Each structure stands twice: as structure tokens, then as C-alpha cells.
Amino acid sequence: MKIKALSKLKPEEGIWMNEVDKPEMGHNDLLIRIKKTAICGTDVHIYNWDEWSQKTIPVPMVVGHEYVGEVVGIGQEVRGFTIGDRVSGEGHITCGHCRNCRGGRTHLCRNTTGVGVNRDGAFAEFLVIPAFNAFKIPAGISDDLASIFDPFGNAVHTALSFDLVGEDVLITGAGPIGIMAAAVAKHVGARHVVITDVNEYRLDLARKMGVTRAVNVANEKLEDVMSELGMTEGFDVGLEMSGVPSAFNGMLASMNHGGKVALLGIPPSDMAVDWTQVIFKGLVIKGIYGREMFETWYKMASLIQSGLDLTPIITHHYKIDDFQKGFDMMRSGMSGKVILDWE
């Protein structure tokens, strides 16, 4: 049986709609009928066919890894799922036999493969993944929100890396993940949450999500904002979401002594860092990749159930046949999360 999918078909700019074979389920897998998918920044990289994509992405391949769907098939070894369960899923498929997997630190698996990055992804009518990777969506959480659990998980993993209660938090990069991280920080009790970017549309989105200050660093100085807020000692926690070298070095300069920094944004490989800031301030730096399995997923559900409102971050919806409009909108930078509806 053939199904509709969005695939990287050629080693050049673009993503195309095509027909592929319906994926076959193994003994430990679930077959999921996709309801909604969201476009990730990674999908935009794949669309643009940048240097990272050229080195990483096999062609042809079905792309996409942010989704919500319904279980329609269950492998014979699988327990704990029933037909009709609403699920999203962890996009990092791990080996299960390396030291970190066996030690319960699966997010640090050295043999990780990515759904929609190294193997066929979720931008299709059906997806097969190991049942281990599926996460049941609690009742009361909408399909829209469930479809963005993957990037929300990046935000939660990064934001909750350090204690935020009563702390001053600086977030560099107001993409959807940075904005969601800011909302999490506010929700769990940070004092001042300041986010920086040069994209005024996204800074406005951050303001709607309740940040203390959204700062356009093209025309406002961070130190002025700090003194306006009565901050005399620098930020306690930094969350770097942009991958922009000047943003990271500006963050290091703005941190308090003993501050803690989590890095999610991927910088150029030759980024220069002012290491004296790190050494003399005694900063702690932590790299973040993906989500903790599955601690982050349970935290995400609990945060939404406890009143965290992420709905403003979802700005655009398109039918799957209008996927090109969705990608154009994401590439313009004038959007939050863009959702594609498969039903």
C-alpha cells in the first residue's frame, strides 16, 4: 500500500510530496496514524540543504519528527499500549546496549539515530517507531500541543537543567524553543526572565508568553535592561538557544559569578569563546541534546496540566497539501510553531 509523505528526494533545496510504501511494523514497534505534525528548525535546515544536511541526511528519505497520532497497530512483543491511544514520540532512537543506555541515561546514547534525520520520519500518513519511544498523551492536552512536545521537550530539558526558583534568567535566541524555555522559567518561579534576539516578530511573541523583558539587541543594550530591572550582580542562569557566537559571549559577560549556563543552540565549529569569563567567574556550562527519556516528557505533560499556556507559540496551521506555505512561513522567520494537519 502506498501512502502520502513529505520527503527529501534530491540533494538540493526543497522538500517534495510523494508516495512511499506504508512502513512495516516489527515485533517491538507501534504503527501510528499521523494526525498533526509541526515543522522544526531542523526540517528547515534539511529543506535549505545546508552544510549539516549535506553531511547528515540520506536521500531519498521521509522527513519530520514532531507529531501526534493514533496507535493503529501494535507489535506482538509490545505491552502497555492499546489501539486508539493518542501518542507522540521521542525522536531519538537509542541502542539499548551501550553504557549510558544500560545506566538509564538513554538521552546520552552514543549510537542514537534520529527519526526524520537518519531514518524515515513522521511527515507521512503513517509512522513506525519502537514502542519504547512512544509517549501517551494525557487527556486534556490538545493535539496541537501534543504535536510540539519534541521542541517543547528541548525547552524543558534546557530550562530545568538548573534550579530557577527566585533566579534571574537570561535566554539568548527567541526562536520557538527559546520562547517556550522562557515560559517554563517564569512558570516554575524565576524572578526576572530576559530574552534577547534581533527578530522583532519573535520578541513580540515572547512578550505574549509573559517574559519580564524581550530585548532587541540591535537597538538596546543588555546592561541597560539589567540596571532598569535593579539587577546589580548579573544573571544566575543562562540558556543559550541561538548558536550565535556574539550572543553566547554576551551571555558570558552578563553572568554572575558562579552562574550556570545550558547550551542548546548549535554554534559554528570555529566559535571563539572568552574563556576567561568562564574561569574567573567559576561558571558551569552544560551541553543539551534532545530530551531526558522520559523524565522530560512527564515534566512537559505536568507543566501543561499545571497551567503553563503554550498556545500563543502556535501561530500558523496549514493542510498538508499546503505544506509549501508552511515551510515558506517558517523560513521567513515571521512565525512561531507551524502545524501541518494530515486529517
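Quick reminder: no glycine exception, Cβ is built from N, Cα and C everywhere.
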Would you identify which residue of ILE177, ILE304, ILE313 Swiss-Prot lists as part of the NAD(+) site it also attributes to ASP197, ARG202, LEU264, GLY265, ILE266, ILE288, TYR289? ILE177
Name the one residue among CYS40, CYS109 that Swiss-Prot lists for the same Zn(2+) 2 site as CYS95, CYS98, CYS101. CYS109
Between the C-alpha atoms of THR42 (active site, charge relay system) and HIS65 (Zn(2+) 1 binding site), the distance in angstrom, to the nearest integer, is 9
C-alpha of ASP197 (NAD(+) binding site) to C-alpha of CYS40 (Zn(2+) 1 binding site): distance in Å? 19
Any idea which of the recorded positions HIS45, HIS65, ARG202 has the thinnest Cβ neighbourhood at 10 Å? HIS45
Report, as a single number, how many Cβ atoms besides its own are within 10 Å of the Cβ of ILE288 (NAD(+) binding site). 20
Whole-Å Cα distance, ILE288 (NAD(+) binding site) to CYS101 (Zn(2+) 2 binding site), is 17
Using a 10 Å radius around each Cβ and counting other Cβ atoms from all shown chains, which of the binding-site residues CYS40, ILE266 yields the largest count? CYS40
The most crowded of the binding-site residues CYS95, CYS98, CYS109, LEU264, judged by neighbouring Cβ atoms within 10 Å of its own Cβ, is LEU264
